[in-house]
Amino acid sequence: MIKKILTTCFGLVFGFCVFGVGLVAIAILVTYPKLPSLDSLQHYQPKMPLTIYSADGEVIGMYGEQRREFTKIGDFPEVLRNAVIAAEDKRFYRHWGVDVWGVARAAVGNVVSGSVQSGASTITQQVAKNFYLSSEKTFTRKFNEVLLAYKIEQSLSKDKILELYFNQIYLGQRAYGFASAAQIYFNKNVRDLTLAEAAMLAGLPKAPSAYNPIVNPERAKLRQKYILNNMLEEKMITVQQRDQALNEELHYERFVRKIDQSALYVAEMVRQELYEKYGEDAYTQGFKVYTTVRADHQKVATEALRKALRNFDRGSSYRGAENYIDLSKSEDVEETVSQYLSGLYTVDKMVPAVVLDVTKKKNVVIQLPGGRRVTLDRRALGFAARAVNNEKMGEDRIRRGAVIRVKNNGGRWAVVQEPLLQGALVSLDAKTGAVRALVGGYDFHSKTFNRAVQAMRQPGSTFKPFVYSAALSKGMTASTVVNDAPISLPGKGPNGSVWTPKNSDGRYSGYITLRQALTASKNMVSIRILMSIGVGYAQQYIRRFGFRSSELPASLSMALGTGETTPLKVAEAYSVFANGGYRVSSHVIDKIYDRDGRLRAQMQPLVAGQNAPQAIDPRNAYIMYKIMQDVVRVGTARGAAALGRTDIAGKTGTTNDNKDAWFVGFNPDVVTAVYIGFDKPKSMGRVGYGGTIAVPVWVDYMRFALKGKQGKGMKMPEGVVSSNGEYYMKERMVTDPGLTLDNSGIAPQPSRRAKEDDGGAAEGGRQAADDEVRQDMQETPVLPSNTGSKQQQLDSLF
């Protein structure tokens, strides 16, 4: 009877086993063909960030969620490979993808618990899961994982599997792969890890947060000890090595990639261009983009602009806290503030801080990045003292939770604020259009709006040279005499009213030459010139410089620069004067490399004198250059003469009520445009002239940019002649008699006080010297041939 029962039981068990094996076999036969292809493993391309460099190799931008450096398995030190194997898969080199003994142990534990509580995933299984499967704990997912692991083992070598694991695994702190983790946790190359450091990192794959040595040092230490004991058990290390590693004091030094903060506007321009071409792949394919800007030029340009904006803001009242965080519900105020401050940047030595308390004496206790606390007394508060708990300032008052800026002045902290005034600087290679420096504002972090390329502003008198160039092309000369006298134009004002434009300084010089008029920036002369050549002709001609029709008003006000354009476009247009009349295109990208170091794209720029289209007659460009040299020598931009160079030319610009101030200066090699103004246009007051606020920025930058470069000046082209100190096109030494100039009107005589006063010239500079007025020679001119620009042929960047 017992024998019969045993036989029956054995038969049932055997039957169930056969049935189970059959089911498993069927499941394998059904599932295995449906497993995903291993192409992503065999041709592994990890997500790598977009990195942007200056021309001299400085990192100026990095974009992408995953910070990763792909490393060959042979470049990982043996001590790290052993530590990971000891921690995750001691039988890695001895199994076929699944550790059967480990599975058995885990199965027993899961049966006892009644659910999937633990596994025995090998490194190969983890690779399968990380690349193809979810993290859910189900028997179906585990079954697929086992089959995938087997398939991987049949297709890839053990070292290749290990290489995939070492590069793909997430290890906390935004570190993907052990090479990245070595930098982030210890700030060192993975090849330089000690045994103790390797064992610590090897503990992270199991639970990156739980075993993070920075956040949970005690748990991480226990995990490290476990791994070292495993290594000893596997005869990977000796007892002495284990003990030394356990006693080694580890120093955690988070790696912070230094990104040049002065070129963030340039980096953002590149990011946008790459995103337009590649979409989200731009952030994962490991592109390395080299730009045309130099890091040292960027630093000088940024400081030059910031200096002017700071100086303008000096003496302004305190505008209030820049932000506010609610600390009333925080259980750990110090940690809350630290987390908040970690997302802010120190800009121009202005350090972000959060107010923790305001004392009865109205002293302010602040917390700085790093946790340091500082008490600011009334002296340290300075101009911000009135804002302390001032209910009249509403949300902008200084109170608990207020975010403010402070600066360390010789060991004493004081409240400061970022200036409200903004600006931009653009510097181009005149012959190629390559951007050498570009600053889009005071601080990219607070306002990413790039004023160099996005701010549409009136260029004011910096636009006049284009009108004068059109006049030379139409039949005038640099010595054409025009009456600088008031003029009234019926029907040209708002709603058909009378337009009575004025010179900005209220002074009129009577009959003066074009050279004198541009040097002193005379509005009346510019208007009379445009009346003579015609608005339509001027629009058509000025488009040769790269301006769009929408930027050129179809009215006489165009002569005063009332159209709107960007600083970059103005700099690009001035390059036509600088390079002898050729149209070049601005660009910031020079080369693009892929993750493997292969050159993917290289800019082939239009070059003046080679493949760039001729925009204007080179003689026209030369004569304009010589006229604008006088603007620097004796005119509204005399501040630029501080460089002591004879090859500089340029033009200032100031719009109505001093809302926008400009200076564009150049020599035959470099064009630099500076714009200053508020984001919400308003008057800058008495100092808001191009000659007083924009020129100093230009000088500070160009002093560096032109250092060591000889000032040769522009070479006079063929067909230009000089007579009585003036320059003419050979065939045109007189004004075209077919042109009609309205020289009516009488210039009012200045008062005796005005005669004695040197100041108050156009745009706030000193009055330009009154050269002797030259009368035109009465000869019949020969008009030049058509010099309209060709269609640009800029090679595709991608």
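Just so you know, glycine gets a Cβ as well, placed from its N, Cα and C.
The structure displayed is predicted, hence computed values, not measured ones.
Annotation source Swiss-Prot lists topological domain 'Cytoplasmic' at 1-9, citing sequence analysis.
Taken from Swiss-Prot, the feature transmembrane segment applies to 10-30.
Marked as topological domain 'Periplasmic' by Swiss-Prot on the basis of sequence analysis: 31-798. On the 0 to 100 pLDDT scale, the topological domain 'Periplasmic' (31-798) averages 88 in this prediction.
Annotation source Swiss-Prot lists region 'Transglycosylase' at 50-218.
Sequence annotations record features per position, and here Swiss-Prot assigns active site, proton donor to GLU88 based on similarity to another entry. Taken residue by residue with DSSP, GLU88 (active site, proton donor) is part of a helix.
Per Swiss-Prot, region 'Transpeptidase' is recorded for 378-700.
Taking the Cβ of SER461 (active site, acyl-ester intermediate) as centre and 10 Å as the limit, one finds 26 other Cβ atoms among all the protein chains shown. The active site, acyl-ester intermediate annotation in Swiss-Prot covers SER461, and the record cites similarity to another entry as its basis.
The region 'Disordered' annotation in Swiss-Prot covers 738-798.
As annotated by Swiss-Prot, compositional bias 'Basic and acidic residues' applies to 768-777.
The compositional bias 'Polar residues' feature in Swiss-Prot is assigned to 783-798.
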Chain-internal residues near GLU88 (active site, proton donor), provided their CB is under 8 angstroms and they sit 6+ positions away: THR122, ILE123, GLN126, ALA202, PRO205, LYS206
